[in-house]
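Contents: one structure, followed by commentary.
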Amino acid sequence: MFDGLKDKLNDFRTDVEEQAESEPDERSDDGEAPDQPAASDAAVGPEADAASSGDASGGGSAGSEDGDSDPDSEGAEPSTFQRAKAFATGRIIIEEEDLEEPLWNLEMALLESDVEMSVAEEILETVRETMLGETRKQVETTGELVEEALHDALLEVIAVGQFDFEARIAEADKPVTIVFTGVNGVGKTTSIAKLSEWLADRGYSSVLANGDTYRAGANEQIREHADRLDRKLIAHEQGGDPAAVVYDAVEYAEANDVDVVLGDTAGRLHTSNDLMAQLEKIDRVVDPDLTLFVDEAVAGQDAVTRAKEFDDAAAIDGAILTKADADSSGGAAISIAYVTGKPILFLGTGQGYDDIERFDPERLVDRLLGEDA
Ligand SMILES: Nc1nc2c(ncn2[C@@H]2O[C@H](COP(=O)(O)OP(=O)(O)OP(=O)(O)O)[C@@H](O)[C@H]2O)c(=O)[nH]1
């Protein structure tokens with residue numbers, strides 16, 4: 001899962017390590033030849049050797065022949081001094097120039113991985129802010145510093161809007177009504193069946209409702225799942241009113257003490273206006289507790305765009321991202337919450353009914369940074 005993105009994040013770590021850790025060595029080698037005392041060295045005390053070599057090189061790596069400073073070095077002098085001092089004490093200072101190329105490569109890698117542009121920019125900004133110009137006392141290596149910066153940057157965008165789904169179900173008045181939206185073919189019906197199992201595992205009964213009265217064959221498709229799982233299905237004739245189907249399912253749940261109503265809807269109608277009018281009517285008639293948007297991770301940017309469109313049209317409360325098991329890029333998983341402001345709540349991870357997992361931002365970040373399988 002998301003292996004391509006994981007590799008690219010790892011490349012960034014290697015990039016920064018190479019940039020940040022090779023330069024001080026070069027500078028201290030440089031500094032040995034010219035004997036250039038710097039006035040500020042006195043402040044460094046016992047670390048003066050390393051510091052002065054760093055300082056001399058910052059001011060004179062290009063100008064070591066004539067001992068003069070080059071124009072570029074002037075603004076960098078204080079940080080070069082700090083850097084050399086930190087190097088002498090085994091600490092790390094990352095400078096803007098160390099990050100320039102790795103950050104550019106990271107941006108390209110994120111965009112190639114279908115991470116949405118504004119999300120990529122936010123990640124870069126957080127990484128830059130976390131890493132720049134600070135002596136990181138607690139951090140032993142550049143690799144750790146990169147990992148910390150990436151961890152914070154990724155978590156910040158991925159965790160947007162998270163809430164405790166199970167607690168929400170537990171606390172809500174029963175029956176809880178959940179309506180599923182999203183285009184056809186992405187695994188919406190399968191996700192409804194999976195969620196019914198997920199709820200059953202936690203002690204909640206559910207009834208399925210086929211609000212996709214538009215598409216021929218939709219009743220049969222969901223009925224197969226309902227039969228296999230031994231769940232009640234409420235369905236009307238093709239062409240019927242989806243709001244009426246979900247309403248009947250709510251009535252059935254109330255009469256039979258069923259905890260949750262899981263209502264499918266049509267993924268596409270003649271026009272998006274029809275689709276939205278239908279969702280609005282369901283909203284008016286049954287006032288669902290949650291509207292969940294379903295799309296497939298493998299659709300990358302398209303899934304992000306659709307999430308935004310559906311949310312704009314009919315305020316979603318969260319998303320289910322299917323086929324994460326087949327997705328290497330990870331772009332949709334990283335982008336959807338930040339772009340919509342609504343959390344990803346579940347990942348579909350296979351074709352079986354148990355192949356659904358609660359989306360855990362911390363765990364996903366650990367996976368991406370290689371701390372978890
Ligand atoms: N690998 C994998 N396949 C999945 C996942 N979820 C669904 N699928 C498969 O995707 C295919 C389409 O799933 P359906 O549930 O029929 O999707 P759907 O047609 O979008 O349902 P509707 O939206 O109601 O039309 C099926 O073969 C599913 O088994 C998943 O998380 N991983």
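Cβ coordinates are placed from backbone N, Cα and C, and glycine is handled just like the others.
Annotated in TrEMBL:
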COMPBIAS  1-16  compositional bias 'Basic and acidic residues'
REGION    1-81  region 'Disordered'
COMPBIAS  17-33  compositional bias 'Acidic residues'
COMPBIAS  45-55  compositional bias 'Low complexity'
COMPBIAS  65-75  compositional bias 'Acidic residues'
BINDING   182-189, 264-268, 322-325  GTP binding site
DOMAIN    343-356  domain 'SRP54-type proteins GTP-binding'
Among GLY182, GLY185 [binding-site residues], residue with fewest other Cβ within 10 Å: GLY185
Binding-site residues near ligand 1 among GLY185, LYS188, THR265, ARG268 (Cβ under 6 Å): GLY185, LYS188
Site with most surrounding Cβ atoms, counting all protein chains shown within 10 Å, from the binding-site residues LYS188, ARG268: LYS188
Residues in the compositional bias 'Basic and acidic residues' (1-16) grouped by DSSP into helix, strand and remaining coil: 14 helix, 0 strand, 2 coil
Chain-internal residues, separated by at least six, CB under 8 A from THR265 (GTP binding site): VAL179, PHE180, THR181, GLY211, ASP212, PRO242, GLN278, LEU279, ILE282
ALA324 (GTP binding site) CB neighbourhood, other CB atoms within 10 A: 25
Number of helical, extended and coil residues in the domain 'SRP54-type proteins GTP-binding' (343-356), per DSSP: 0 helix, 6 strand, 8 coil
